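Asks: The structure is given below, and queries will be raised subsequently.
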Amino acid sequence: MPSASCDTLLDDIEDIVSQEDSKPQDRHFVRKDVVPKVRRRNTQKYLQEEENSPPSDSTIPGIQKIWIRTWGCSHNNSDGEYMAGQLAAYGYKITENASDADLWLLNSCTVKNPAEDHFRNSIKKAQEENKKIVLAGCVPQAQPRQDYLKGLSIIGVQQIDRVVEVVEETIKGHSVRLLGQKKDNGRRLGGARLDLPKIRKNPLIEIISINTGCLNACTYCKTKHARGNLASYPIDELVDRAKQSFQEGVCEIWLTSEDTGAYGRDIGTNLPTLLWKLVEVIPEGAMLRLGMTNPPYILEHLEEMAKILNHPRVYAFLHIPVQSASDSVLMEMKREYCVADFKRVVDFLKEKVPGITIATDIICGFPGETDQDFQETVKLVEEYKFPSLFINQFYPRPGTPAAKMEQVPAQVKKQRTKDLSRVFHSYSPYDHKIGERQQVLVTEESFDSKFYVAHNQFYEQVLVPKNPAFMGKMVEVDIYESGKHFMKGQPVSDAKVYTPSISKPLAKGEVSGLTKDFRNGLGNQLSSGSHTSAASQCDSASSRMVLPMPRLHQDCALRMSVGLALLGLLFAFFVKVYN
């Protein structure tokens, strides 16, 4: 996957409600009409006023349907899964039907202009259809003051554990913004807790963000404005998340971040140390895939990384963006490495990890790129014949240094993108593998629904027949055909389908991270189509699990206090009346 999405605006941080207003969940319980009326009133006049008053627009949050759309990288997708899980755990129904939804949660990507254009168009469409809207992701985090975001609720990339509160207030008609950073004693944290409820898009694949932000300051990157500087999760929290995932039937874990290679530098550890700890808890038959890493940081750990990538439960795959094969262009990008560094990493890993798949990214038409610069990039692709290559035409992102540089003409950028794409499609990376027998892990269905999609040890895509017995299993296949991006494999007739030593996966759309009792109750509730109020859900849920709302138990205690206070008032009132 390309690293497609990856700042703080202190004066835009707003609390969900003001101090004078009651907390969102309190409003379900503190109702003005339960306060005793001591003074007599003219009943006829009162009824007439009631008849002439405008109709009530009262809305009880926690029973609406929500449609979630996510653009961008695997980190963004993980955030979207977490938000879906929390909303479902609270009682909202997550729907795949946008027109049927009461609220749209749009989780954006700021890497390229087209992604933001799609995001903006979706906002416009939601407004035309009178949908409630909550915005998330890197676009509103990086530029919350854009005109087309005015009046809309925003949840920041580090505040996704409060999505229920933001949605709740938005449904009530309020516009709220939460853009703060998670900190502990002044130290920036990786983000929301990893043990929050989640709905995995694919129940077999767990995406774990090991850190957020990065250590670089690339001149073209808008993601830095949203995700900020490096902040890593502790190793024990990541290992616990992996263990929980395997207990829920996951058979493949993706480690993601804006730069996995920089992991741990802010907390006194490093990527190899984390990977060795994770390898210890991966069940046989399950696999680990490492996400994008920039050349400067992996250079320090080449020996250890080679050993890890040779491990049978780790895909021999690494995504290392080069962006350009011209040192002068890399300098203008502030990439903090030269082409020789990139080649050293790739050459070393190819030697020490036979068959490894190296994926890379290239930007065509960066400001100042000459024809000679571009030809150097073409030569690099011709030399290494990358089986996975993400070619991106340069788009100047607002507020970045590169946007202020002298731009390459649009037509030149387009032509260079086409030329490099032609080079990429001139070779066939998998033809020589026809006839091989491979072990593949089956994890999903193809887009055309004709095959199941599996991956071999090198994370190369292998299409296999749609046999339900294969899903989530290790299957032995003979490769009989290849294309530009895939191979096709025929299962060996006498080979045993290997079942990983893990639990049965959750059903599609099922919430992870919940206790068994709570999950069963939630499933019964959603399947019957009946929804209790947010208040009753809080009462039932709090006895079984800790929901991802920091005020939950405080609210329950507050409700009890309010109830007792009201009883006291009623008692005092009747004592006074009858005395």
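Any Cβ shown, glycine's included, is placed from N, Cα and C.
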Asks: According to Swiss-Prot, one residue among S122, S324, S503 carries the annotation phosphoserine; which one is it?
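Replies: Among S122, S324, S503, the one Swiss-Prot marks as phosphoserine is S122.
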Asks: Among T400, T499, find the residue to which Swiss-Prot assigns the annotation phosphothreonine.
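Replies: Comparing T400, T499 with the record, Swiss-Prot tags T499 as phosphothreonine.
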Asks: How big is the Cα-to-Cα gap, in Å, between C109 ([4Fe-4S] cluster 1 binding site) and S122 (phosphoserine)?
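Replies: Rounded to a whole number, the Cα-Cα distance is 13 Å.
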Asks: In angstrom units, rounded to an integer, how far apart are the Cα atoms of S122 (phosphoserine) and C138 ([4Fe-4S] cluster 1 binding site)?
Replies: 15
Asks: DSSP secondary structure for C138 ([4Fe-4S] cluster 1 binding site), reduced to helix/strand/coil, please.
Replies: helix
Asks: For C109, C138, listed as binding-site residues, tell me which one has the smallest number of other Cβ atoms within 10 Å.
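Replies: Taking C109, C138 as the binding-site residues, the minimal 10 Å Cβ count falls on C109.
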